[in-house]
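Beneath this line is the structure, given in structure tokens, with notes to follow.
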Amino acid sequence: MTENEQIFWNRVLELAQSQLKQATYEFFVHDARLLKVDKHIATIYLDQMKELFWEKNLKDVILTAGFEVYNAQISVDYVFEEDLMIEQNQTKINQKPKQQALNSLPTVTSDLNSKYSFENFIQGDENRWAVAASIAVANTPGTTYNPLFIWGGPGLGKTHLLNAIGNSVLLENPNARIKYITAENFINEFVIHIRLDTMDELKEKFRNLDLLLIDDIQSLAKKTLSGTQEEFFNTFNALHNNNKQIVLTSDRTPDHLNDLEDRLVTRFKWGLTVNITPPDFETRVAILTNKIQEYNFIFPQDTIEYLAGQFDSNVRDLEGALKDISLGANFKQIDTITVDIAAEAIRARKQDGPKMTVIPIEEIQAQGGKFYGVTGKEIKATKRTQNIVLARQVAMFLAREMTDNSLPKIGKEFGGRDHSTVLHAYNKIKNMISQDESLRIEIETIKNKIK
């Protein structure tokens with residue numbers, strides 16, 4: 001990269017980071033690469049699904065950086081990651097020794113969902129370790145963490161990560177023997193083969209895999225299915241002894257799989273156990289920003305933030321809300337989704353689903369102030385002593401995390417402050433939490449008092 005290209009790209013990243021929320025920037029911009037700038041055309045390498053976001057949101061950024069560095073209007077030519085991967089993969093396929101085709105083992109249908117990848121998985125603090133572990137397993141299956149056990153509530157991305165691991169391994173090695181299956185379907189297959197007296201086929205199918213991906217392993221924890229547990233135990237041992245990768249997901253930790261045999265629980269803990277928790281507000285905004293690319297509607301930022309505040313339990317609720325909105329907007333022939341339109345469209349879903357507790361900002365200010373020895377009135381005022389500033393910024397952070405209020409609304413409740421002040425406080429506290437365990441504990445203590 002030439003000096004001017006480096007300056008241009010640094011400026012693009014700087015402008016993008018100043019305009020986007022951190023989680024949005026991390027997902028849509030962080031992994032993009034400038035390949036070259038030639039004849040006023042910038043060639044940018046990124047995931048194809050992110051092209052529309054760049055076209056909609058970053059055109060002005062590129063134009064600004066172009067005029068600053070080259071004193072010219074810079075256009076963009078996107079090179080997609082998928083195209084390069086396919087090209088590289090085809091080369092690998094062509095290079096495979098012919099004797100691999102003579103493999104005597106029966107073919108296995110992976111049952112992977114090709115739409116799930118690491119590239120389109122939205123990362124946040126609540127899932128960062130799970131993503132990192134999944135990528136490590138995909139890069140070196142059978143060696144790094146075996147088994148990998150991912151647990152968390154429904155709709156948080158466990159199935160997405162399982163499929164992303166499988167798709168990544170398959171992309172690197174098209175001949176890999178991979179199987180994605182739910183524990184329930186494993187049970188069903190076991191029952192069928194028992195009835196047909198074809199257990200040898202089941203054993204051959206599962207014990208010769210390179211990668212086994214089991215979803216919702218808690219379904220195996222049923223006392224009436226001891227025969228199934230025995231078969232899975234033997235399958236696990238056969239794969240693990242041959243350094244074949246096993247990844248499992250569950251809605252609870254291994255120690256809480258109460259009806260599972262102890263010897264299985266022990267093996268589940270041999271490798272690495274990671275947790276996924278519900279996405280925070282900023283991650284929910286990033287998820288929505290990504291998902292709305294699939295719809296032909298305009299979603300203003302205040303609508304996105306409103307929706308992010310309405311559903312705080314899992315990703316499926318967010319996806320379902322967008323489908324509700326799309327249905328209503330298509331029927332009414334609406335192009336722009338305002339907060340009022342979104343609220344009307346999701347009303348039934350909110351009534352049927354779990355209610356998000358309405359927490360007054362005054363309560364957050366009162367509890368935050370009490371913890372740090374200041375009053376709610378002082379938090380709203382302009383005084384800037386150290387303990388008041390910390391209490392104020394923590395309260396702003398919690399107001400954004402625990403309510404569905406927009407940034408301007410939160411700023412108004414803090415003495416009429418600008419929305420940028422709220423955003424600065426939120427980002428500052430979030431960064432401090434990642435580096436200061438004592439502050440994280442303090443904030444969790446305040447949250448528990450508010451709830």
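Yeah, the Cβs are placed from backbone N, Cα and C, and that goes for glycine too.
Values in this document were obtained by computation on a predicted structure and should not be read as measured data.
Here the Cβ of Lys158 (ATP binding site) has 24 other Cβ atoms within 10 Å, regardless of which shown protein chain they belong to. Per Swiss-Prot, the feature ATP binding site maps to Gly155, Gly157, Lys158, Thr159.
The annotation region 'Domain I, interacts with DnaA modulators' is assigned in Swiss-Prot to 1-77 on the grounds of sequence analysis. Helix, strand and coil residue tallies for the region 'Domain I, interacts with DnaA modulators' (1-77), in that order: 46 helix, 15 strand, 16 coil [DSSP].
Per-residue pLDDT, averaged across the region 'Domain II' (77-110), gives 54. The region 'Domain II' annotation in Swiss-Prot covers 77-110 and is backed by sequence analysis.
Residues or ranges marked as region 'Domain III, AAA+ region' by Swiss-Prot on the basis of sequence analysis: 111-329.
Positions annotated as region 'Domain IV, binds dsDNA' by Swiss-Prot: 330-451.
Cβ neighbour count for Gly155 (ATP binding site): 18 (other Cβ atoms within 10 Å of its Cβ, all protein chains included). DSSP classifies Gly157 (ATP binding site) as coil under the three-state reduction. For the ATP site, the Cβ centre of Gly155, Gly157, Lys158, Thr159 serves as reference, and the other residues of the chain with Cβ at most 8 Å from it are Gly152, Pro154, Leu156, His160, Leu161, Thr249, Ile276, Asn314, Val315. Within the same chain, residues at least six positions away from Thr159 (ATP binding site) with a Cβ under 8 Å of its Cβ are Tyr116, Asp215, Thr249.
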